[in-house]
Every structure is written in C-alpha cells, then in structure tokens.
Amino acid sequence: MTVQRILIVAGTHGNEINPIWAVKQFNRNENSLKHGIEYEYIIGNPIAYEKGCRYIDADLNRSFKKSKNYDQNENSFYEISRANFLVDQFGINGSKPCQIAIDLHTTTANMGTSIVMYGRRFKDFCLAALLQNKFGLPIYLHEKDKSQTGFLVEAWPCGLVIEIGAVAQNFYDPKIINRFLIIISSLRDEIDKLKKNLIELPKDLVVHVHQGSVDYPRDEKGDIDGLIHPKRINRDWKMIKKGDPLFLNSQGIIYKYDGDQFIWPVFIGEVAYKEKQIAMSYTNKEVICSKNEWVQEFHRL
C-alpha cells in the first residue's frame, strides 16, 4: 500500500462549524505524520464560514460536476471556483496530491455518527468497512439520484463523508467535536493495521441504500402545509412500515406511508434540505459481502 496523504475537509458548508473546531484542535495536538500517512487539512468554504452561511452562490458539495453540459471553468459561482481550486491543489494530479478525501459534516437531523458513501467504488467500501468495524457506524449509500450529483469526495480516488448530528447550525457542541476527534485520531491507525495485515474486514457490510426523498405537504401556492409527524421526529434509521405516520398538516390530517416495502428514513427534517424540497430521504437496508477486491484496490492507492 502506498497511501501517503489524506485530505481532511471541514466547513464544506460554512455553517457547519464543529468539524472546523475539531480539525484545528487536532492539528495543534497531533503530529502531521503517523504510520507514514500525512493529513492535509483545509476549510472547504472559508468565505461561507466567515459569513456563517451554508454557501455563497451554490452548494459546494454539489459543485464537483463533470459532464458535457457543465463547464467548470466558465461558471462564475464562487463554489465552482473553489471546487476547481481544491481539485487543482489536492486532487490526485494536483500540486499537493491526496489519494483519499474525508469530508466532515454536521446535520440538524438526529443521524448520530454515520458514514455517507456515493456509489459503489471498492476503495470506498474498504474504508467504510474499516470504520464500521471499528465504531459500528451506520452507512448511508447515496446513489440512484440524478438530481443530487457533484459531491466533493467523488473527485478523489477514495473518499467518505462523516456526518454527525443532531446539532444546530453555527452552534458549537463539545460532544460533537469529540466524536470528530475520535474518528480523525483513529483513521490512520485502522489503515495501518490493514496495511500490516493486523485486522481483516468484517465478513458483511450493512448499508442503507438511498431510494428517494419526500417533500413536505404543500398547499396550492406551494407553501409548506405540514410538519414532520411527532412520532417520526428524531427517528432516523428507524424502520417505517405501511400505515406509519409521516406528516401532520395544519388541518390535523395525518399523511401515512403507503408503500408495501419496509423503509428506513434518514435526514429527517434536515433544515438545509428545505430548499431542495426534501423533508426526509428513505432507504432500503442491504447486507453486502466483503470482497478481497476491496482491499486489493485500496492497496493500490
């Protein structure tokens, strides 16, 4: 294995301030090189962080797009320019190349500490399996959603999001900060153990696979006309079956789940997703058998 540099990104969203505090604290107290692996730290969206807002022109974590109809160089949005800078600096062909990107986020939803993956790259599965085995973290595998693309970690050969909540935007929570510190502190140790064949991946990886999202109930003007049902609040990762309540509108009407399949909701009531018309996303649970190819590809980084 030749993994040498890991990019740790905090503040991809400027009002998610706990990861920034955690990274600054870790950088003061820890050596930059351990097990032959060096961390590179960066605030993803420094201007938004200074202003205390999620972004300036566009969501930075949707700005790493590659398509024939999307020209990164001609877009005037600040976040597009920032995405180009991050890739030029820290991308695999950048001036300070990193093989792995870890993007640290907080959420107002009651997600606990979780891992977010985008797609089914073997290297990502390997890294996610290491962390799930160490900490027992749930994994949200985000795929099949063409309206949500351009995620930061997809611009690197390997990458994951660490998502922790619930915590309000622009509010420091020492418990949240400590969780980030534990994961950052342990990441290189787990990679080193794998490199030295001191640990193996678990036989199975449990993931919650994205199936879609649902908006709040709305009136004829398009305004929100319903709230998350009291029985659904703070129930991320908890199974929903047919007939379970989802929303309660202003007339007292209960909106129930009418699907035949069990689903597991995530990001329930996430404040930042209102603009995306998402009240919650829903997933199916999938058990994936670990593969030797995961480790083999990770070794090639």
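Count begins at 1; order follows the chain as displayed.
Keep in mind that glycine also has a Cβ here, set from the backbone N, Cα and C atoms.
Taken from Swiss-Prot, the feature Zn(2+) binding site applies to H13, E16, H105, supported by sequence analysis. In the three-state DSSP reading, E16 (Zn(2+) binding site) counts as coil. Neighbour density for E16 (Zn(2+) binding site): within 10 A of its CB lie 28 other CB atoms from the protein chains shown.
Taking Cβ-Cβ distances under 8 Å and a sequence gap of 6 or more within the same chain, the neighbours of R54 (substrate binding site) are H13, G14, N15, E16, A48, Q169, A272. Secondary structure from DSSP puts R54 (substrate binding site) in coil. Here Swiss-Prot flags R54, N61, R62, E163, Y273 as substrate binding site, drawing on sequence analysis.
For the substrate site, the Cβ centre of R54, N61, R62, E163, Y273 serves as reference, and the other residues of the chain with Cβ at most 8 Å from it are T12, H13, D59, H105, A272. Long-range Cβ proximity for Y273 (substrate binding site), meaning a same-chain Cβ under 8 A and a gap of 6 or more residues, is found for S213, F267, A279. Sitting within 8 Å of the Cβ centre of H13, E16, H105, and not among those site residues for Zn(2+), are the Cβ atoms of G11, T12, N15, P19, R54, N61, L104, T106, T107. When the Cα atoms are compared, E163 (substrate binding site) and H105 (Zn(2+) binding site) turn out to be 5 Å apart. N61 (substrate binding site) sits 10 Å from H105 (Zn(2+) binding site), taking the CA atoms of both as reference points.
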